[in-house]
């Protein structure tokens, strides 16, 4: 693999995807410390919202320590060069949330849908572009469909006004060949002016390899998170990825030592538990399950006595997708009752 001379824009997820790992309980002080540290290290883009995007505050997804607006207004005025993005899932976030984010100073709106449901993004992508934002179409759980189907959905988002399309490995399921195929087809068939991005999870330990494959295939934006702070086994650990890019001659514009220090001195002490490929996170990747389901399944294990691993495998078998968190408790209860009935009949 020869990536010498390529340029890539890195996008930090630790203050959005990392919200899942923190049960959305990141304080304003922590948010500011991480964001300003990343800014000083040269990170060009930082995502800040509830883990499930703008408007995610709910019983289903979790109540954050502060509102999206409070986080955005606390952080954005303190940044010197980094720009801030906000994730928006139609059906959770609204056009009013989008306008609020832009009013706070957000420059990039990333409109996320399940990989087969790009059509629900038309209103939000169109409004974002009309209001002058850098507008990204974000196709989640992209491992579930073929490269041709990803392209079909990407073309819809592009037609609505997205200037960047993301192939998103929400489950950490993909291997490099699949990433290469999907990113390569997007790069070959979309408008040359449309940027291509990749968002990986480390559930199978493949996030760095997959991100490199994405760059080789034509991606110019890569998501990750400092210290890997994110759902499941986390996102592509950016301090590691920056080091790999430096060795391979890929220009990121990031100061390696500074981002290492943000990871070690600020983010790791914030963690409620180590972000690693444990058996439950590995099961997410192996079964192709949405990464933010991990803590929900672990809580259900404690409540109903059904191993999280078994719950996750069944969720994968049923083809559950992001937004179906409410099914996890129902499934765990059903599995618990079924096991009790088996014991009685035995």
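Even glycines carry a Cβ here, placed using N, Cα and C.
Under the heading site 'Transition state stabilizer', Swiss-Prot lists 16, citing sequence analysis as support. What Swiss-Prot lists as substrate binding site is 16, 17, 170, 199, 290, and the listing cites sequence analysis. Under the heading Mn(2+) binding site, Swiss-Prot lists 17, 199, 201, citing sequence analysis as support. Positions annotated as active site, proton acceptor by Swiss-Prot: 20.
On the structure: features taken from Swiss-Prot.
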{"residue": "16", "record": "site 'Transition state stabilizer'", "Cβ contacts under 8 Å, 6 or more apart": "47, 48, 49, 50, 51, 53, 87"}
{"residue": "17", "record": "substrate binding site", "Cβ contacts under 8 Å, 6 or more apart": "47, 51, 225, 229, 230, 231, 234, 235"}
{"residue": "20", "record": "active site, proton acceptor", "Cβ contacts under 8 Å, 6 or more apart": "51, 230, 231, 291, 292, 294, 295"}
{"residue": "170", "record": "substrate binding site", "Cβ contacts under 8 Å, 6 or more apart": "140, 141, 142, 199, 201, 290, 291, 322"}
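Most other Cβ atoms within 10 A: among the binding-site residues 199, 201, that distinction falls to 201. Taking the centre of the Cβ atoms of 17, 199, 201 as the Mn(2+) site, the nearby residues of that chain (Cβ within 8 Å, site residues left out) are 13, 168, 169, 170, 172, 200, 223, 225, 230, 231, 234, 235, 236, 291.
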